[in-house]
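S.K.: Sharing a structure below in structure tokens format, with a few things to ask.
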Amino acid sequence: MQEQYRPEEIESKVQLHWDEKRTFEVTEDESKEKYYCLSMLPYPSGRLHMGHVRNYTIGDVVARYQRMLGKNVLQPIGWDAFGLPAEGAAVKNNTAPAPWTYDNIAYMKNQLKTLGFGYDWSREIATCTPEYYRWEQKFFTELYKKGLVYKKTSAVNWCPNDQTVLANEQVIDGCCWRCDTKVERKEIPQWFIKITAYADELLRDLDKLDHWPDTVKTMQRNWIGRSEGVEITFDVKGYDNTLTVYTTRPDTFMGATYLAVAAGHPLAQKAAANNAELAAFIDECRNTKVAEAEMATMEKKGVDTGYKAIHPLTGEEIPVWAANFVLMEYGTGAVMAVPGHDQRDYEFASKYGLTIKPVILAADSSEPDLSEQALTEKGVLFNSGEFDGLAFEAAFNAIADKLAEKGVGERKVNYRLRDWGVSRQRYWGAPIPMVTLEDGTVLPTPEDQLPVILPEDVVMDGITSPIKADPEWAKTTVNGMPALRETDTFDTFMESSWYYARYTCPQYQEGMLDSKAANYWLPVDIYIGGIEHAIMHLLYFRFFHKLMRDAGMVTSDEPAKQLLCQGMVLADAFYYVGENGERNWVSPVDAIVERDEKGRIVKAKDAAGHELVYTGMSKMSKSKNNGIDPQVMVERYGADTVRLFMMFASPADMTLEWQESGVEGANRFIKRVWKLVYEHTAKGPVAALNVDALSEDQKALRRDVHKTIAKVTDDIGRRQTFNTAIAAIMELMNKLAKAPQEGEQDRALLQEALQAVVRMLNPFTPHVCFTLWQELGGEGDIDNAPWPVADEQAMVENTTLVVVQVNGKVRGKITVAVDATEEQVRERAGQEHLVAKYLDGVTVRKVIYVPGKLLNLVVG
């Protein structure tokens, strides 16, 4: 064994061994308990960042630990390879998205291997290959036949100059990111999958997910947004149709003083024909961003349509306004307004001088003061005719019943969740497998024409999708009739909604999934990824699993038993102000800092001498130039050090502060382990451990070893507090480094201890542990070695620490046998020189003994 720890030599050698031996390749094995450990698959952006490294290190630690428990562990990896960034990069680099993507995959795959992650590479998937997306296309056509897919017009961001649809993130301050033209809202036909058909089950089954974070479950509950209310129909004077609204507060119905409809509502459109102000307002609404978050904060505006609705219970005429806060795609495109008891309605009514009618009493049973704001709390009704005096629940039921009796209302459960729009007007995605015949009939692409392959050899102009620009691509025939293919592509959330299942059978050619393999491995035992995916990806992931279950492919109801959301990685951020007042962000690597005695940064400059402003720690990002390149760190310290720091610096679900001093600390610790193993093995062969022959000190050290095994096992396996597991191993290492190494049993005990330490560290630092295990004469490869088991006998405390007091003051501590009598404890206390001097020449008048804990001698 060489004396110096040289990670650059060890790591490449061990990685080559894993590759050649195919150590982490697995197949279904009914004789073994399975464990499926999955980290969210990366987008091949070009380089790994520290967020990736953290996510994948956590996954690898769990997978290697479970493997050492003797389980059949599947840990796959792949690439979420479609998406918008590839289109931008292709235009910028004058290439096509496909070669750019495949180059990135090759580069990042090498980076993952350099970090020593134990993946089954035989199952690698890239979602942009026809071998993958063909099954997604086929499944979509089956969902269409089941009635779970439909097409309808829906609002998108449209750039009139480029004649193209923009993603929300491509709209900057209401303008096109490319040509700065004012963006419009345009209604175009798009494909939807009926996730709302599964809303109740998606909500209900959250209760089965005991090992998912409550925050994620709450976010999904709110997103699905189940509510119980009443749907009410209003007649409108001079308008052919009725207006339908939904409310969760029918108790306030007698206070409804106006209705509001979306600018795109047929009633508003009709009224605009002879109302120029309304027509202009509708036009303005077309350019409003469609995101819900924007809706909440934007100024509420409206125009009176001139129509009057008839209140179904009072017969009063109430005005119908067109308002920018009502969206056509939400509910019926019309809402009932009760300004006395809803703050948004109140602000709108105050702005436009509309009637505000209170119908709920304040908590003290007085009439509410509505001079400043609405009273939104529930309470007792007044000003409501026959319903006066009823509290919320009774009023809800009485008014709902009355409306139903009159045939103008019905109770209804509503969901905030909307159907999933899967159409994207982009090129780099899987083509949607639908065709349109010349007579307008829409059909799914026949199975013998699947997959609909996306051409990869294209020229990008940065404006139009190549498959939209080429009229020939869309032409096809169905049953001998000419037809046109759909030129939209799937939302990339489609690919990431079922990849976890395809990993169980990536080479399967007979269908989307091989049920036998899928049901052996699924559900996923632990799924690791960022909390930013809480609603979109993790909801679609659950939805797709239920679709596959109902298609007979899987038997479980949910895709993953446990979800672990890792925290973000933060780093110092610095900038200097440029000549034009702009902020120039400087990488923390290039900042020369001065710190105070507490280690806080007080001053910083860069190599060019700019005074830097330190903004504290923030998430590593391109915008703040504070990302640390994992590759540089691996080259400087080795992959094991980077992995150990990542797992030690913070609990897995909390933010991690990147500190190079911490990385250096992790590196020093690995060197200490290496040094101790080197010194130990240099002394030659070791005798067998004879537990019965150990001295009290040796027994105490062995007790520490086995207590550490028990703690680390619990920390990794049950609590998943990986940082405390590492801390416990470090504490044990300090004791081992101080332990005597001369006697035969000293060395035998150290051999047992070091073999345990190396196995416990293996999930975190697998390269160095692979090597040290061999040096310590471990059997076979450490990758196949069992996890150390704590010896219950060794952990039994056969001695205990008793505190000795004289007249109530602590004068010493003594170690005695657990079963020592009071007499023996007194005798032992008298021999303790710190205690003995207080007993000299005095009489012990009383003895208070708490067995195994305290001896108090009262003297006089």
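All residue numbers here begin at 1 and follow the chain in the order shown.
Glycine is treated like the rest: Cβ placed from N, Cα and C.
Per Swiss-Prot, the features are:
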- 42-52: motif ''HIGH' region' (MOTIF)
- 619-623: motif ''KMSKS' region' (MOTIF)
- LYS622: ATP binding site (BINDING)
S.K.: For the motif ''KMSKS' region' (619-623), give the DSSP counts of helix residues, strand residues and coil residues.
M.R.: 0 helix, 1 strand, 4 coil
S.K.: Measuring CB to CB from LYS622 (ATP binding site), give everything in the same chain under 8 Å that is also at least six residues away in sequence.
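M.R.: Residues satisfying the criterion: none.
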S.K.: Summarise the motif ''HIGH' region' (42-52) by DSSP state, stating how many residues are helix, strand and coil.
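M.R.: Each residue of the motif ''HIGH' region' (42-52) counted once, the result is 3 helix, 0 strand, 8 coil.
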S.K.: How does the model score the motif ''HIGH' region' (42-52) in terms of mean pLDDT?
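M.R.: Result for the motif ''HIGH' region' (42-52): average pLDDT 95.
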